[in-house]
Every structure is written in structure tokens, then in C-alpha cells.
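S.K.: Below is the structure I would like to discuss, written out as C-alpha cells.
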Amino acid sequence: MWCLVLFSLLASFSAEPTMHGEILSPNYPQAYPNDVVKSWDIEVPEGFGIHLYFTHVDIEPSESCAYDSVQIISGGIEEGRLCGQKTSKSPNSPIIEEFQFPYNKLQVVFTSDFSNEERFTGFAAYYTAIDINECTDFTDVPCSHFCNNFIGGYFCSCPPEYFLHDDMRNCGVNCSGDVFTALIGEISSPNYPNPYPENSRCEYQIQLQEGFQVVVTMQREDFDVEPADSEGNCPDSLTFASKNQQFGPYCGNGFPGPLTIRTQSNTLGIVFQTDLMGQKKGWKLRYHGDPISCAKKITANSTWEPDKAKYVFKDVVKITCVDGFEVVEGHVSSTSYYSTCQSDGQWSNSGLKCQPVYCGIPDPIANGKVEEPENSVFGTVVHYTCEEPYYYMEHEEGGEYRCAANGRWVNDQLGIELPRCIPACGVPTEPFQVHQRIFGGQPAKIENFPWQVFFNHPRASGALINEYWVLTAAHVLEKISDPLMYVGTMSVRTTLLENAQRLYSKRVFIHPSWKKEDDPNTRTNFDNDIALVQLKDPVKMGPKVSPICLPGTSSEYNVSPGDMGLISGWGSTEKKVFVINLRGAKVPVTSLETCKQVKEENPTVRPEDYVFTDNMICAGEKGVDSCHGDSGGAFAFQVPNVTVPKFYVAGLVSWGKRCGTYGVYTKVKNYVDWILKTMQENSGPRKD
């Protein structure tokens, strides 16, 4: 292996005699290397002279061509030396310099020194044996660019950056493969504004980042392409093709298409096709990248922020639903969402819509119902009703609910709180037809006294005052905290009680001023004989079960002698035995003095020891009275000043000296504050 470092390269070229040839400087048409000496020995057949001519000379200029040069030597004599940048003396001829020699041998020597400050491409020369000139002696030019004559023929050649097609006559240009990625630029046909090459296909690509569309702008005067033929076909044409559409082909003098082409694509292909003829200057265009725009799509029932006339790539908007509408994604809902203008001109989240808020199925309520709506969306109105006549709406305007913007059912008065159906008090299903009193009274239906509570142990009565509370006498519960109670039954026969509604006590509250005694049989003080039983579960009201009203605190609820009230129960009769079926009677109020005058039946108690207070009511008449087993039952009076008769509990059966005469009743009006306070302080969460 030879390893040489050469600062000067000497090369020579010689061959058998030929009729023609080509001589090119090293690396032509690229820049020639430094420090080179290369020679060519030209020889044509005997009898021919040599015609040597240069078509390209671009050699470092110097005085007398002392640095770089190409020498023409004939017979040892220098016939010429060339350097510098030379051009053709005639625009119609590619020949820059030419030499003719009568002899058939010639030497060409190219020399370059050790350095060049600029880029020089060297030279291109051709030689022929002198004979006829096919390139000039005929009318038709055989070559599209350069014609080179030789004895017996010719050959065609092309200028730099061109190539010779397979037909060996026409030159084309290598103008494909350029890719433009800058957001702004300019593209023109080859040689513009000089004539473009014939028989060529130039392909260019504009590729911008996603989110930008290619916008092409043309000036009519910057377009000069061979016009269409009589049938409208373009022999030479310029065509644009984006992803989804094509623009063109275009040809003619002056651009015939729109001067601004918006492609709606970030890529654009440009094809310039020419045929074998033509001498037009071509075209020049400018392009830039314009952010892709997204159309403002009006989403129903929403607002856009910011609100602009035009939205472009990467713009973000907040879409907020108007009141009563929401966006639902899976199981998550919200009142707004964000959308971004994407690179394809479409909005992200375009599938989201503002739809009416869904409130769901209205919650049920105890002792009432709600109409089933056709739908449960914003603006829908539903109505709650109670199971009349046994329940009524606690708030008169509390039945109408509207599906609100927050997705909740809302009432103008109660807000989101559900309406409450409370028992209607004091209205018996069947009014009691009075004939006589309990003691020797008359049979009654439970529908006459639906508030009647039967205490089986101890045997007594009570009054249902709402769904969770029973009012009775304190002495009934003095020795027991878990009474056995029933409602809704006329008969207290053991077998029939199984079908009655049993009440379970949660807690017993005896009035704090009630005085306990060890022996109830000797009690003489029944002051504050009142108690409350709180129930574990609410009582279901109906035709046989409903509460009695509490008295008001006004003077209208004061009872006076002569006023008639109703009593009921399962106490003993004139025969001294407990009854099985409910009995009722109507009794008048008398003065307390009347009760004081009753003869005592119990010999162990002195009559003067009995205590009479303003907390007591005396009522009854001979043969008409409550008795043992009726204790705690209601002494009912009609509520004053009402259109539909209803009853309130004015008194509770408390005590008496002798059955069948006059009895003493606890005056409930004096205890209303205690009753309400006790119920309020001990009411837990409602089971609505």
C-alpha cells in the first residue's frame, strides 16, 4: 500500500485518436481543488483539424493568469491561457472561447495553486475533428440547449444544474425534493425570471407544524406560463394539492386563479410540469402559515368566554351553561367546561352539550305522595299531597316543588326540605250521636273517638295527640313505665286486640309537680294529674286512628258550668264491671263545689282531705259519669269558631269520690306549655 501526502498532483490524460471529446476541470461543476496540475492530450484522426472551444470558464483571476489557469499547448507552443470568469460573447452561442488548429494533436493543462479565497467551478471544454457542423448548418436545432458538432455527427449537452434526458436531445432540471418548513417563504420556478426549463417536472413540498394552514399569495404579473391550447389543456402547468383538495392546474400570462389560496391544511404539494417547448419566464409565489381557525359553534343554553369574532389554533374558551343546565361526563356533572381550538380546525370536547339539570325522582314522604313527573329536569314542577282527610300539609304552600338549577327539588317556602304531612286532629270519621253518659252510657264506635288509646296494663285510657305522643293521667303511669297500649279498636277483647295497632312506649314523662304516694287507694291529692308517653314509632292514622287537638291558650278554650263535653272508654258501668266494647257519653261541666259535695265512697278517706285546685274541672250528673278504667281518657269539646266540627282535649279523666255522680278532670289548658316543651325537647329526628 502506498501512503502519500501530496501537495501537488500531476495527472495526464491521453487516449486513442477520437473525433471529439469533452474536457472538464476536476470536480466540475463543483469547485475545483487546490494545488492541482492536470493535463489532457487530445488527438483526432489524421486528416482532421481540431476545433477546441470552452463553454464554461470560472477560474481564479490573476494577472497574466499566474495563479490558476488552463493552457492550450500545440507543438510545445502555448496557443492560449485562460483564467477569470468569462461569459459567452454571443447570447446565441454557449462558446466562451474557441480555438481552431490545423493539426491533429493538442495538449490542455489545468493548474491551480495552493489556495483560493473564493469558490471557482473551473471549466468545461469540448473538441472536435473539424468537418461539417450539424449544429449550425441545419434549420432545426437538434438540441434543446447546447449542440456539439463532430465529424459525422453531433451530441447535445446541458448547462450546470441540468441533466440530459434519455432522448439525448433535451435537457431537464433537477428541481424536485425541496421541502419548505419555515412559516413564511418564497418559491419560484427554475431560472425565474429567466425562461424555465422545458420537459421538466418540479415538485415542492411545504410542510408546516400542525395547527397552521398554508396560505399562498400570488401577483398576476409574477405568473407567465405557456397558455392553454384551443381545448383548454395546459401544456405547462402549476398545480397545488393539499390534503383534501386541489387547486389548478393553472397556466397563461397572468395568474388565473385566486390571488390568495387558503388551503386549510398544514401541508401543500406544488407541481410544475413543462413540455418540450416554450420560452416563458415562469412564476413566483409567496406563502405563509396562518393559524387554523375554528368556527364558533353556538352551543345551546351556554355562553362563551372570551367572546371573539375569530378563534384560531390553541385558543381556549370556557363554555358555561346557563342556569338550569349542566354538562354530564359519565357520572360527573359540572356547569362549565373548556374547549381548545385544535390543529384540525375542530374544537376539543365538541361532543359535550349543556343539557337540562336532572333532579332525579322526587323523594317520597311519609303519609303522603308525590305525582310522578314525565321527566325530572330543570323547570319541572311536581306536587306533594297528604293522605287526606287523616293528614294535612304542615305548611299550606309546601306542596309545590320545582326542579331548580342546583339539581334539587325546591319549594318557595321550605327550600329543599321535604314537606311534612301531619295528622289532622279532632275530626272523627263518624260523629258521635249522644243518648246518655258512659256510666250507664251508650255503645260507641272507635270512628266516633279515633283518638282513644286503650291501656291494657294498667287498665285505663289515653288520648293520642300526635303520631308520637299519648296524653294520659299521671296516676295511670305512677307504678309502670312501659304500658301496654292499643289504638284503632272498638273491642278490647283479647282475641280482637291482635288486630289492633299496638303502641310501644319509648319514654314516660309524668308532670314534675305530681306528688307520688305509696298507697294510691288513700290518695287525696290529684293535682297535676297529667303525663305523656313518647312512642318508639309513629302511629299510622286512618279512619279508626287520629289524634285529638290540644287546647289553645286563649279564653275561648275555658270551659264553664253548663258546657257539654264528650267522654269515652272501657271503664266499669253501673253494674261495676269493665266493658268489652267502647262506650261514650255527653256530660256537662259543673262547678268544683259540686264535686266537693259528693259523698265519699271510700271509708278510709276523710272527705275534707281531698285537694281541689284550679287545675281541675268538675263534670257529670247523676247516673252519667266516668269510672274505674276510664282514667286518662279525653274530656273532648268542640274547637270554638271553626266551620267543620273538630274536638280538643279540655280535660283528662282523673278521679272521683263515687262513680255515677260527678267526676274530676285534669284541666289540660293549664298544661299546654309543659306538653309542648316536653315534646319539643324530646323529639328526635323525624322518620319522614
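Glycine residues also receive a Cβ, built from the backbone N, Cα and C atoms like all the rest.
Not measured: the values here are computed from a predicted model.
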S.K.: According to Swiss-Prot, one residue in ASN301, ASN641 is annotated as N-linked glycosylation site; name it.
M.R.: ASN641
S.K.: If you check Swiss-Prot, which of ASN174, ASN558 turns up marked as N-linked glycosylation site?
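M.R.: Annotation hit in Swiss-Prot: ASN174.
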S.K.: Given that Swiss-Prot assigns ASP68, ASP113 to the Ca(2+) 1 site, pick the one from GLU60, GLU78 that the record assigns to that site as well.
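M.R.: It is GLU60, as the record lists it for that site.
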S.K.: Hey, which of the recorded positions ASN149, ASN174, GLN279, SER631 is the loneliest by Cβ count within 10 Å?
M.R.: GLN279
S.K.: Non-local Cβ contacts of CYS321 (disulfide bond) (under 8 Å, 6 or more apart, same chain)?
M.R.: ASN301, SER302, VAL327, THR335, SER336, CYS354
S.K.: Using the CB centroid of GLU226, ASP236, ASP275, GLY278, GLN279 as the Ca(2+) 3 site centre, which other residues of the same chain sit with their CB within 8 A?
M.R.: TYR196, GLU198, VAL225, PRO235, THR274, MET277, LYS280
S.K.: Residue counts in helix (H, G, I), strand (E, B) and coil for the domain 'CUB 1' (16-130), per DSSP?
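M.R.: The breakdown for the domain 'CUB 1' (16-130) reads 3 helix, 59 strand, 53 coil.
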S.K.: Work out how many Å separate ASP68 (Ca(2+) 1 binding site) and CYS175 (disulfide bond) at their Cα atoms, rounded off.
M.R.: 32
S.K.: Within 10 Å of CYS251 (disulfide bond), Cα to Cα, which of the recorded positions PHE150, CYS202, GLU226, ASP236 are there?
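M.R.: Close recorded positions: GLU226, ASP236.
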S.K.: Using the recorded Ca(2+) 1 site (GLU60, ASP68, ASP113) as reference, state which further residues of the same chain have their Cβ within 8 Å of the centre of those residues' Cβ atoms, listed in sequence order.
M.R.: ASN34, ILE59, SER62, TYR67, SER69, CYS83, THR111, SER112, ASN116, PHE120
S.K.: I'd like to know the mean pLDDT over the domain 'Sushi 1' (292-356).
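M.R.: Within the domain 'Sushi 1' (292-356), the model's average pLDDT equals 89.
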